[in-house]
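Data block below; observations after.
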Amino acid sequence: MSAAVNVSGSLRRRLLLQLVGSAALLAAVLFFAVLGFVRTVAEESHDRILLASATSILDSVSVQAGEITADIPYAALSMLGNVSDDRVFYRIASPAGVLTGYADLPVAEEPVQPRQPLFETAAYKGEAIRAVTVSRRLAAQGAPVAVQVSVAQTRTGQAALLEQLFRSALFLGVGFFVLASGLAVWAAQSSITPLRSLTEAISRRGPKDLRPVTRPVPAEMSPLVLSLNSFIRRLQASLARSEDFIAEAAHRVRTPLATVRAQAEVTLMRVENEDNRASLREMIRAIDESSRAAGQLLDHAMVSFRTDSLERQEVNLTALARDLAERLQPVAELKDIGLHFQSDGDVSIKGDAILLQNAVRNILDNAIKYSGRDRTVRVRTVRNGGWGNIEVEDEAGGFAGEDTEALTRRFVRGANAGETIGSGLGLTIAREVAEAHGGRLIIENSQTGAGACVTLCFPLC
Amino acid sequence: MRHALFSALLTLLAFAAAAAAGFEVEERHWIGPEDGTPLRVISTTDTAILEPLIGSFLEEHPEAAIEYTVANSSEVMKAVLEGQEPFDVALSSAMDLQTKLANDGFTRPHRSAATALIPEWGEWRSHVFAFSLEPASIVVSAAAFSGGEALRTRQDLISLLRAEPERFRGKVGTYDVSLSGLGYLFATQDARTSETYWRLMEVIGSLDPQLFCCSSSMIESVASGEILVAYNVLGSYARARRDLADKIIVIDPEDYTHLMMRSAVLLKGGRQPGLARSFADHLAAAAWSQPPAANYPFAQPPVAFVDSASPKRPIQLGPGLLVYLDAEKRRRFMAEWFSAVRKH
Amino acid sequence: MRFLLVEDNESLAKAVLDRLRLDGHVVDHAPDVSTASAFSGTTDYDLILLDIMLPDGDGRSFLKAHRENRKETPVIVLTARSEVSDRVGMLDLGADDYITKPFDFSELEARCRAVLRRRGGGSSNLRRFGNLQFDPMAGTLSAGGRTVALRNRELRLLEVFLNAPDRIFSKPNLVDRLFSYDEEGSENAIEVYVARLRKHLAGSGVQITTVRGLGYRLSLE
């Protein structure tokens, strides 16, 4: 009975994708931000060391006996070696020409102003270099001379450092992403947990459980629960209306029929004229027929209504059959029909007691109705393997080669129905009840051949 | 020994070739099969010292031969800078020049399992590979110092020289820094390390010292008694001279002892880069394996010095060494040095 | 017997009253719950016939109050509603039986008898005629120290005769009284039952005589 649901996407997956997507974006941003930051820091610190080196060389430049000389401090270059194993180049120059160092160093093509160090990136001897040039004015032979010191270093070490930082940033980013993804899975899981537990709570309910949902739910789910509760209320009202309608319909149809029938019967006793009596009898028969038909139609409606949402409680079939047999005893006696109940012990199944009663009642009614005077109807409850059976056996002649299956169809009546009042819905109701309980209805001729045996089989619980 | 035979044969040839080059070659040997693929090595190290290592290298590479050219360190530098001959490997004790070659882009980088054995301070940017660690020692005459004077530090030497100037006049020797790259390296490192050096130089200068081109001649002069004290001599050479063991005493000063690293660089102009790498690996593995190769030529393997608490310090490879190669710096240092040593 | 009929439909009530009184019962009629409560509070009834849908309330509330007041009077519910929905509730509330409208009077009578029998109905209903003792609840007939159990239709037939001794009942009249309308009752069948009764009555001083052309009559010998 589970209708297909029009599923479009998954809330959890969507949430997960969004969270993981955000995590990926944030991880990427984090990665590039960290990388950019460390790159800047690495470059700046490299520049500062180059500047320190150049400045210490510049400080060593002096004018001695009118000549510009330089006494490069050991530390000026060794400090660069302490940072990385990179190639180091330098040049000390004045407007007159290169004093010492690498004359062809391709930096500071233009004069550099004092206190304004010039940082450059260039290519030299087949490698990329970072260079700084600083300048200072000296007085040589009474004239100011601008001395320029350039220090350059290849960037292999820095590249290696950056590669390492890149890896660290990458690990950081990936680590962040993995962690955030884990959290995203957890978050997605836990955010749909209330939804899932609500679903479980509702699907665990019995078919008749139409209480409103009162369990606490997150605020976001309250509109859903509100609509659900409203829906439940409406369903409840609608169900109650249906039930009321059937009951009301029965009442409306049967009460006037009962009145007419009772009056007809009373009248019949007072009337002597044989023609009038015959008419009255016809009338009573007609009333019985229509009331029974109406009753069974309404019963059938109620049975269909109840089987749609079958309630399953433990029902003792033996007690149920015994009770029914007892209750129908007066009717049977009235017709001098023996109604006997037999049982080989309690047989219990899970089901709807009202429906089961109605089914057995219909079969018993049939058996009593079609049996002649001084016949016997036997009701038995039998445990047969995994099945619990209620058998009703009569001596009303049975079915002569008829399609017994057809008898359970709506409005089909047996060949022996004759003048007996009936709508043909009795066995249909019995079969529908049996099938709703996972069982079946078997109609066959009894072993003695004297009549029919109708068996209701239900799976044992 | 077949190799020796070859080398003897080819030495003459080498001199002929050297005449054509713009640098001064001391000797040149062809070691290995005549038709072998030649690996050209230019070195400041005497052939005899490295011959066992070269021999084992050629056994591992039977297809190869080594053309071994010996020159002093500045000539090695010159040879490489001029680039007239396609040398594959340069071996030199002048760490500053080796560093400059690497810094100025004349060398190839190399990384291998063997170079990984070298400690960080023993190589520079995978271009310069040290394969020995040799102290700058004081060598004194055993005969003259039989009295057992305590001579453990430079201060001891200064005191001794000041106390007996007449005994040591003309009998003290050291490197001529203008002739020897190694002498200049030792002098600049000394000058950088301690003021004691300049006081020592002034004391030596006052004693009319003899200046030498190389460690071996200083060692021989001490052994012969021509001089009594030689300052900044390669201790490894001195200790290698077993024949002179009873004539000289080798002292590693306890205030500090600089350790020079003999190193190899793979030259860009070389025609056998693969073989050159194998050769560098061979040297590195021989020097830095523990224990070192049986045919390792120096008495003290480099790992013997690896002790930070020791007063023996390896000279640091790196751009700092370039400072003293600066022409201006060199000019000023020379002027100062000679004014100290030749004052009187 | 004394009946209380609680039924709001006047015509139906009248028909039922007529029929029950015809059979010699004393019947009170209450058209709503309040009247029914008043009647049942003041009079002891042998049986209450209770309709469910009443103008001033549900018959079930009457039933509930009735049982809560520990009244032992058996109740048969007359329902026009679907059996399926009302059945359980009514038996739970203490109805002894129920019968759906429209009903056959024979069936109603049979049910009443069954309920009274189940409840062990009082011997006050024991009826005498001549030497004859008839217990309609037990369905036994005693005469001259001999007791026989009557079968349903024999019992019913005897009851009809005893309600109006010396009255002549025609065969069609008896058919109407004995058979429900969905079965084929015939005047031959009446003859069979009369013959059986005569056998039981033999030697009791009471006899059923045939009044030619009119029917049968119960009278003392």
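The backbone N, Cα and C atoms fix where each Cβ goes, and this holds for glycine too.
Per TrEMBL, DNA-binding region is recorded for C:124-220.
Summarising model confidence by region, the domain 'Response regulatory' (C:2-116) averages a pLDDT of 82. Taken from TrEMBL, the feature domain 'Response regulatory' applies to C:2-116.
Summarising the annotation, TrEMBL assigns domain 'OmpR/PhoB-type' to C:124-220.
Listed in sequence order, C:Val6, C:Glu7, C:Asp8, C:Asn9, C:Gly59, C:Val77, C:Leu78, C:Thr79, C:Ala80 are the same-chain residues six or more apart from C:Asp51 (4-aspartylphosphate) with CB atoms under 8 A from its CB. According to TrEMBL, the feature 4-aspartylphosphate maps to C:Asp51.
Look at C:Asp51 (4-aspartylphosphate): DSSP puts it in a strand. According to DSSP, the domain 'Response regulatory' (C:2-116) comprises 55 helix, 28 strand, 32 coil. For the DNA-binding region (C:124-220), residue counts in helix, strand and coil come to 37 helix, 29 strand, 31 coil, using DSSP.
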